[in-house]
Amino acid sequence: YKLSVSPEMDIMEYCRKEWRGNTPTAKRMRKGYEAVAQKFASIRRIRGDNYCAFRATLFQALSQATQLPRWLQSEDFTMLPETLLSKYDWIKQWQLRQKPGRRMGEISDEIKEYLILLRKKWKNISEIKGPLEKQEACDKLFKNEEEEYSLYEALKFLMLNTAIELYNADKSGRRVPVFSWLLFARDTSSNPCQLMHNHLNHIGHSGGLEQVEMFLLAYALQYTIQVYRLYKYSTDEFITLYPNDPQEDWPVVTLITEDDRHYNIPVRMCQETML
């Protein structure tokens, strides 16, 4: 059995264990970790499958949630699968996690269940006042594999919905963020249908999130995802924000990556940083 989010460990201790040599890469990584350690005391390792960007982002969002985001409160939220399927027939080819014995045609109900679960978990955890109890509830949720992967399916579907909104906005001449052009400028995702077939359907199975999809995830959640990209230490991309022009009222979650493929999370802000 693998832990989805392992217990916290001192950041510099973790770094010394992982990066012992004297290669330029090891030196850069140590410098990067030292910079993160100015702000955070500990690190928690995230299980390394193709869902790690989802896992790290959602864990951080839930562990600091104090209220249900506005988009999760809306009446139409759980109707999304029906609404989208009634307009876009191709969504029937959405790749759900394989469960034996599933009949086709239940896709809308299934995704609706995932969205309801996301709302319920977010609401329950955001209502917990004590930080320790909140942390325990998050740890417990991320030990329940069935629920955890259902939440990632919900996130993927929200990304598809956001992509469709951005694509339609651009086609009708409204302003869209720059990443949206980049998303649909790829040969493999020139429209939302291709994005679903060639990218979203593969996330968690044969691939993780690409950089441009980190923007899409941030927009879908209406969160700013701040990432310490350790291999970019001493460049202006060392701390990257998704999106890079965040809305002021979006909460911020912080992740760490050594290679833009696998993400871990820093925890316990140092006291002086909080003041």
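From the backbone N, Cα and C atoms, a Cβ is placed for every residue, glycine too.
A C-beta separation below 8 Å, combined with a sequence spacing of at least six in one chain, links Asp49 (active site) to Gly204. Look at TrEMBL and you will find Asp49 (among others) tagged as active site.
Cβ-based neighbour count (10 Å, all protein chains) for Cys52 (active site, nucleophile) stands at 22. Residues annotated as active site, nucleophile in TrEMBL: Cys52.
The feature site 'Linear diubiquitin binding' is assigned by TrEMBL to Glu237.
Look at TrEMBL and you will find His262 (among others) tagged as active site. Around His262 (active site), the same-chain residues at least 6 positions away in sequence with a Cβ under 8 Å from its Cβ are Ile46, Gly48, Cys52, Gly208.
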* Once the chains shown are all counted, how many other Cβ atoms turn up within 10 Å of the Cβ of Glu237 (site 'Linear diubiquitin binding')? -> 10
